[in-house]
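Peer 1: According to TrEMBL, the protein has these features:
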| type | residues | note |
| --- | --- | --- |
| DOMAIN | 34-398 | domain 'SAM-dependent MTase RsmB/NOP-type' |
| BINDING | CYS152, ALA153, ALA154, PRO155, GLY156, SER157, LYS158, ASP183, ASP210, ASP236 | S-adenosyl-L-methionine binding site |
| ACT_SITE | CYS289 | active site, nucleophile |
| REGION | 403-433 | region 'Disordered' |
| REGION | 713-765 | region 'Disordered' |
| COMPBIAS | 743-752 | compositional bias 'Polar residues' |
| COMPBIAS | 753-765 | compositional bias 'Basic and acidic residues' |
Amino acid sequence: GWAGGYPEIVKENELFERYYRELGIVPAGEWDAFMAALREPLPATLRITGYRSHAREILHCLKEKYFRELQDLEVDGQKVEMPQSLSWYPEELAWHTNLSRKILRKSPQLEKFHQFLVSETECGNISRQEAVSMIPPLLLNVSPHHKILDMCAAPGSKTAQLIEMLHADMNVPFPSGFVIANDVDNKRCYLLVHQAKRLNSPCIMVVNHDASSIPNLQIDVDGRKEILFYDRILCDVPCSGDGTMRKNIDVWKKWTTQNSLQLHGLQLRIATRGVEQLAEGGRMVYSTCSLNPIENEAVIASLLEKSQGALELADVSSDLPGLKRMPGITKWKVMLKDGQWFEEWKDVPSNRQTQIRPTMFPVKDEEKLKAMNLERCLRILPHHQNTGGFFVAVLIKKSPMPWNKRQPKVHQKFPQRTGDAEVTAANSGNGSDCIIEEPTLAENEESKKMQELQNLDTEQSKKEGVCGPPPSKKMKLFGFKEDPFVFLPEDDPLFIPIQKFYALDPSFPKMNLLTRTQEGKKRQLYMVSKELRNVLLNNSEKMKVINTGIKVWSRNSDGEQFGCAFRLAQEGIYTLYPFIHARIINVCIEDVKILLTQENPFLSKFSNETQKKVKDMAMGSIVLKYDPDPEKPHDLQCPIVLCGWQGKTSLRAFVPKNERLHYLRMMGVEVFKAKRKEEDLEDKTEEEVQHRLVQTEERMDVEDKEHDLVPKMEAQIGEESSQSPVKSSAMEIENKIEDLDQFSKNANSHVSQEAKDMDASNVKD
């Protein structure tokens, strides 16, 4: 059979069936159901981001509007089942449906629902994520004060969950915890940045390292340099992926046991490096999307054995009630791709001992095996709850690892700047069956080499508050050269007009402001939490940072005449708002609708209360705040904070298109518009769609020329905008929002070369 010019992949693999039948990971009598489930397409699943204050509003909108419209709908003769919430995911924030991604994209009847999913995903309010992928972050039991490392983070759906958990209390703009998200692939790091930036958190840092040798970081603790140990580590390692057969159908023809044999050593090294960096009492979740015990129980058993009691498997059988899981297995065999089986290491011939390693076999000592409690691992089988296949193990660290016990802590007093001492990673390249007994010697040698490289660049990198890219020459061979992270000095004159213009609270942490340029005009100001500032300042030479911080202010070249050269950025407004005491205008819901559907509406269109507040306020950047009225339960019941600009005769909102659409949907305004034929996405490839997602950044990042453009725009829209936007049709609203985007593009052509340069570097920023 051929479909679309390509031969259909036959979902059969004799070696796969032979291997897993023999291992017995599927309960007796369930094999046919297991294989049938693997041949069915994976249901689409989505997760509502839990830390946003309007998560409940999105859930209400989904249930009462979009899901109801799917009732009794048929697509290609297939009845669309009503989406169901995942019974084990808290607060009904995760849902699945039998609609495949292909049907969602192609079917005209589902176009409205698909547009909603795409738009809300780009805003960061919804994540389309496989159900089993949601499990590891939930089992980490994250609290807002935890220091978290995500070792193999790209593409970033689990990272997003971790960020949400840090921001469980939205009244705290700067949780004391943070997430360091790492990936070895430089290009995938930028996809990770895109995912993380949707959540607008000052507590996330994306770094680019090999997870198996990720360096030890240092932090300043009361004037001493100490090694940073993490409270929580997510170790979602690269794997053969045979649990993903339902969505990655190439696995059917490519599957062989060789994949697992080749990955086992890397998986063990990454997991070993993870537990080395875990704090005592901390928790690490090891996970794969593979069903193979060579990648799962064998890695955990080897780690437990060489930890000599420092690690234990946590019993999570009572966590996530409603999730059907199988216990870990304690007996398995190793098979080569030619079908040859081995039950013990001693049976492996010498010519095969490079492919098969001793750590791949189960522990023979029954007492040791029983003490490991391997049955506490979780294996998710596809046919139990219509999901993909998955494996999870939760490890708790009770004491330092045996090979780290002699590793000294660094206690060096240093002034409030980047120190001179370096603590490099403990050598974890110990293969799959050997342990480095004297890590301090390896550290000393590595430190000497690193010091020689660092001395070349010491003068520049040690300036107060400057965190440059790592000087290692090897790093520069791969990926982009990153701009430095430069923290604003405490006495920087740049900040004084900003503080005065917005009447910032004295508690505002101005030391956490940074830019990405060391020389010339500062175009953007970003903000990180004080804990990430500590990490950045003390590790700039050893860590390749791809991105951190959220944008809070953007330079406006003509802003000086209004009292401040920097306007507020929507990306960071929820973090900044608690500290701003001036230039805040409280607006009613009708005003919000006007702001989101018209560009530069005249002041006369707003409520009398808004007009009075604006009358005595100077031109420039403003905050527009909507507070829900509990006496009007049918109105939007979550607060909204928007960035805006007050002109001479008008008021506008600086909000990206998808965020505008989001707020309008939450207010019950219909924003759907059917695609025009020439815009049909049928001919677009998956890569083009992904490229469009990655390029969706806030379009208002360029310098504002509002005072020149307002009269022109007012003349253009004067007659049209005299109609009430609340009564506009969905087509008109969508057209107006597209006009807003076009207006922003036109504005771009009027700005200086500086703004063009900034726009070109948007992806990196």
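Cβ atoms are placed via backbone N, Cα and C, with glycine included.
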Peer 1: Going along the chain, which residues six or more apart from GLY156 (S-adenosyl-L-methionine binding site) have their CB under 8 A from its CB?
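Peer 2: Long-range Cβ contacts: ALA181, LEU191, LEU192, HIS194, GLN195, ALA196.
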Peer 1: Measuring Cα to Cα, how far is LYS158 (S-adenosyl-L-methionine binding site) from CYS289 (active site, nucleophile) in Å?
Peer 2: 13
Peer 1: Per the record, S-adenosyl-L-methionine is bound by CYS152, ALA153, ALA154, PRO155, GLY156, SER157, LYS158, ASP183, ASP210, ASP236: how many Å separate the farthest pair of Cα atoms?
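Peer 2: Roughly 20 Å, rounded to the nearest whole number.
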Peer 1: What does the structure give for the C-alpha distance between ASP210 (S-adenosyl-L-methionine binding site) and CYS289 (active site, nucleophile)? Integer Å is fine.
Peer 2: 20
Peer 1: Whole-number Å only: compute the distance from the Cα of CYS289 (active site, nucleophile) to the Cα of ALA154 (S-adenosyl-L-methionine binding site).
Peer 2: 14
Peer 1: List every residue in the same chain as CYS152 (S-adenosyl-L-methionine binding site), at least 6 positions away in sequence, whose Cβ is under 8 Å from its Cβ.
Peer 2: ASN182, ASP183, VAL184, ALA211, CYS235, ASP236, VAL237, PRO238, ILE270
Peer 1: Would you mind listing, in sequence order, the residues at least six apart from ALA154 (S-adenosyl-L-methionine binding site) in the same chain with a Cβ closer than 8 Å to its Cβ?
Peer 2: ASP183, ASP185, ARG188, CYS189, LEU191, LEU192
Peer 1: Just to verify: the residue among LYS158, ASP210, CYS289 with the fewest other Cβ atoms within 10 Å, which of the recorded positions is it?
Peer 2: ASP210
